[in-house]
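Trainee: Positions annotated as domain 'Glycine transporter' by TrEMBL: B:5-79, B:91-162. The transmembrane segment feature in TrEMBL is assigned to B:59-78, B:90-109, B:115-136, B:148-166, B:172-190.
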Amino acid sequence: MLLTALELVGIAAFAASGALAAVRARLDVFGVTVLALTTSLGGGTIRDVLLGVHPPVALVRWPYLAVAAVTGLVVFRFHPTVAKLRRSVLLLDAFGLGLFVTAGTTTALALGAPPYAACLVGMTTGIGGGALRDVLLREIPLVLRREIYAVAALAGAFVVVVGDQLDLPAVPVSLAGSAVIVGLRLLALWRHWNAPVAPRLDG
Amino acid sequence: MLLTALELVGIAAFAASGALAAVRARLDVFGVTVLALTTSLGGGTIRDVLLGVHPPVALVRWPYLAVAAVTGLVVFRFHPTVAKLRRSVLLLDAFGLGLFVTAGTTTALALGAPPYAACLVGMTTGIGGGALRDVLLREIPLVLRREIYAVAALAGAFVVVVGDQLDLPAVPVSLAGSAVIVGLRLLALWRHWNAPVAPRLDG
Amino acid sequence: MLLTALELVGIAAFAASGALAAVRARLDVFGVTVLALTTSLGGGTIRDVLLGVHPPVALVRWPYLAVAAVTGLVVFRFHPTVAKLRRSVLLLDAFGLGLFVTAGTTTALALGAPPYAACLVGMTTGIGGGALRDVLLREIPLVLRREIYAVAALAGAFVVVVGDQLDLPAVPVSLAGSAVIVGLRLLALWRHWNAPVAPRLDG
């Protein structure tokens with residue numbers, strides 16, 4: 001119940017980031033809604049396609065669809081206000097990332113994926129939607145360039161996998177994994193951490 | 001029989017739009033053929049991947065492949081003529097969209113997807129190929145920007161789902177859904193309808 | 001055993017091409033690793049998604065993941081040296097293409113796909129990873145433009161399918177298919193062969 005409420009908050013945050021990017025790219029109201037849906041439900045859909053869950057959960061649970069679509073429409077209508085709330089959206093986005101990654105990792109483990117595969121699937125669940133958003137809007141995915149985004153996702157997935165190997169109870173392990181992700185993201189945003197870039201190629 | 005003939009017309013129209021875009025992007029003869037295949041069969045393939053139909057129907061029915069590939073080669077050879085037929089291609093494209101969306105929605109319902117999921121899957125069947133085409137050619141997908149394209153697809157899918165809920169016979173319902181899509185597209189092309197765009201972001 | 005060793009060489013070559021492209025696009029160390037993984041394992045993952053193999057083999061075999069990730073990190077650290085070895089990377093890439101295409105075609109036939117579908121799946125296995133790399137880095141896929149790349153893949157897949165129809169033993173047929181691909185690629189690189197491009201559109 002609490003978990004579902006948190007999930008819906010995460011979906012709304014991801015949908016808002018997709019819709020804002022679509023408004024900036026001058027898409028019409030329908031394109032903005034599609035980007036909101038893709039960004040918030042794309043990661044989970046990729047996870048389900050990889051793991052063979054048909055049809056993908058994101059398409060079957062109508063509250064997910066409703067929250068994503070309504071968020072898209074709200075952003076379309078009030079986007080200058082939402083753009084001013086950028087800091088809050090980033091905060092919610094960190095929570096969404098935490099929930100999506102740990103839920104994705106847990107699902108993969110439950111369906112019998114080996115630990116390293118579960119890590120990758122969990123990370124993909126968290127960053128796949130944002131990557132789709134950027135590919136559709138013709139950007140190099142931000143999650144491959146932004147401060148410690150995918151690294152945070154991988155760290156949280158790792159916590160879940162280690163907890164599973166040690167047979168610890170699932171819920172506290174998921175919360176710990178989420179906390180690691182949220183903590184790393186907030187630290188990265190606060191300190192402007194970035195992963196190193198290779199020196200420019202001269203040859 | 002009639003339905004298959006109509007489907008092949010739709011595939012040829014979608015393949016022509018992909019091949020024309022590829023010729024404009026200066027792809028070689030092979031790239032043009034790949035784009036023709038991707039544009040015409042990509043939407044159905046995404047549908048089958050989402051619904052767990054393996055291998056995707058589009059790869060298994062050779063007439064689909066043959067029509068798409070031959071259309072690509074014909075466009076490569078005679079593209080100035082085909083470009084002049086742009087209006088006819090758009091007309092055929094509207095028919096293709098109508099058939100693809102209603103067929104995709106019907107398939108999703110037959111495989112047990114809930115109504116709203118069937119709507120989304122049907123819409124994806126219709127617009128997925130065009131979206132793949134544009135992503136591969138590094139464009140922001142036209143279907144997210146063009147006059148009432150995805151909205152028409154969604155409206156047609158909705159008709160099919162409502163007909164299914166009311167237990168109406170499948171074939172007339174599919175025809176009605178297709179008619180709605182074709183009608184909306186032709187009206188949008190004729191009147192240059194576009195969905196609204198958000199005012200420019202100043203902040 | 002030998003086949004696995006060859007596969008790992010192919011994965012390393014594909015991973016190096018992805019990582020080099022990512023370094024050029026100024027991704028950080030994590031993005032470079034993700035591109036290495038995507039380029040080398042993306043084709044096989046697309047194949048498994050199309051054929052319904054869950055979870056995809058590439059995510060389940062840890063040596064694949066390890067070789068791809070380590071190659072990415074090595075390229076990130078020593079990329080000026082690797083860039084100088086461009087010719088060797090292209091050579092290894094040709095071997096990788098040969099192995100991936102024939103393995104993909106064989107897998108598709110084993111899972112009951114009809115011959116033409118197996119050809120397409122095999123080709124996709126070989127060129128899918130490179131296409132993903134270019135889409136993520138916002139390029140029109142090189143495999144659709146480069147000298148006889150996808151054509152070579154298709155020719156090799158065709159050899160495997162013909163061999164299968166004639167009930168020839170699988171291993172020599174796969175080797176013959178790979179040899180065709182490697183030979184065509186080396187000839188194309190040596191003679192700067194390219195497939196024809198349509199004359200520019202004036203209308």
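Numbering starts at 1 and runs along the chain as displayed.
Using N, Cα and C of the backbone, Cβ positions are placed for all residues, glycine too.
Describe the structural context of these features.
Mentor: Through the fold, the transmembrane segment (B:59-78) approaches residues 4, 7-8, 11-12, 14-16, 18-20, 22-23, 29, 32-37, 40-41, 45 of its own chain, all at least 6 residues removed from its boundaries and within a Cβ separation under 8 Å.
Taken residue by residue, the domain 'Glycine transporter' (B:91-162) breaks down under DSSP into 59 helix, 0 strand, 13 coil.
With a cut-off of 8 Å between Cβ atoms, the residues of this chain six or more beyond the transmembrane segment (B:115-136) that come close are 14, 17-18, 21, 35, 38-47, 50-51, 97, 100-109, 142-144, 149-150, 153-154, 156-158, 160-161, 164-165, 181.
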Trainee: Taking residues 6+ outside the transmembrane segment (B:90-109), which of them lie with a CB under 8 Å of any CB in it?
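Mentor: Here the qualifying positions are 3, 6-7, 9-14, 16-17, 40, 43-44, 47, 51, 53, 115, 117-119, 121-127, 129, 149, 152-153, 156-157, 160-161, 164, 170, 174-175, 177-182, 185-186, 189.
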Trainee: What average pLDDT does the predicted model assign to the domain 'Glycine transporter' (B:91-162)?
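Mentor: Averaged over the domain 'Glycine transporter' (B:91-162), per-residue pLDDT gives 89.
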